[in-house]
Amino acid sequence: DLWQFGQMMNDVMREYVVFNYLYYGCYCGWGGIGKPRDATDRCCFVHDCCYGKVTGCNPKTDSYTYTYSEENGDVVCGGDDLCKKQICECDRVAATCFRDNKDTYDTKYWLYGAKNCQEESEPC
């Protein structure tokens, strides 16, 4: 679920970052349109696409299990439910993407607003 995604982001980035990404660019937050503005926004675009491929459960509300290793920074998705594992994998890839692209985060894209994202969306 989205709360777990926020927790995972905080784990992987080793700081409280959820609100920095909630309304970032054209794709971070609820939904998305237009073209991703930078590598950070592309993490959200890919995450949205990943959620769009999940069938049989709701990525925004269904919870899953995962473990986080502080030693090596890895997230491992657990549980027996394949659909929930898919949600977890979408979140794991996005959280890792945010960490790996932290240097691209640009405050000018925080609270960017959909009015600035009017181009045609690219396909997943």
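Each residue, glycine too, has its Cβ placed from N, Cα and C.
Positions annotated as disulfide bond by Swiss-Prot: Cys26-Cys117, Cys28-Cys44, Cys43-Cys97, Cys49-Cys124, Cys50-Cys90, Cys57-Cys83, Cys77-Cys88. The Ca(2+) binding site annotation in Swiss-Prot covers Tyr27, Gly29, Gly31, Asp48. What Swiss-Prot records for His47, Glu89 is active site, and it gives similarity to another entry as the kind of evidence.
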Listed recorded positions (Asp48, Glu89), ranked by Cβ neighbours within 10 Å, top entry: Asp48
Residue from Cys26, Gly31, Cys90 whose C-alpha is spatially nearest that of His47 (active site), among the recorded positions: Cys90
Proximal but sequence-remote residues of the same chain as Cys26 (disulfide bond) (Cβ under 8 Å, at least 6 apart): Gly32, Ile33, Gly34, Lys35, Pro36, Arg37, Asp41, Phe45, Tyr112, Ala114, Asn116, Cys117
Inter-residue C-alpha distance, Cys124 (disulfide bond) and Gly29 (Ca(2+) binding site) (nearest angstrom): 17
Densest Cβ neighbourhood among Cys28, Cys124 (disulfide-bonded residues), 10 Å radius: Cys28
Listed recorded positions Cys44, Asp48, Cys49, Cys50, filtered to Cα within 10 Å of Cys77 (disulfide bond): none
Residues close to Ca(2+) site centre defined by Tyr27, Gly29, Gly31, Asp48, Cβ within 8 Å: Cys26, Cys28, Trp30, Gly32, Cys44, Phe45, His47
Around the Cβ of Cys117 (disulfide bond), the count of other Cβ atoms that are within 10 Å: 18
Cβ-based isolation winner (fewest other Cβ atoms within 10 Å) among the disulfide-bonded residues Cys49, Cys97: Cys49
Neighbourhood of Cys57 (disulfide bond), C-beta criterion under 8 angstroms, separation at least six: Asp81, Cys83, Lys84, Gln86, Ile87
Neighbour count (Cβ, 10 Å) for Cys50 (disulfide bond): 18
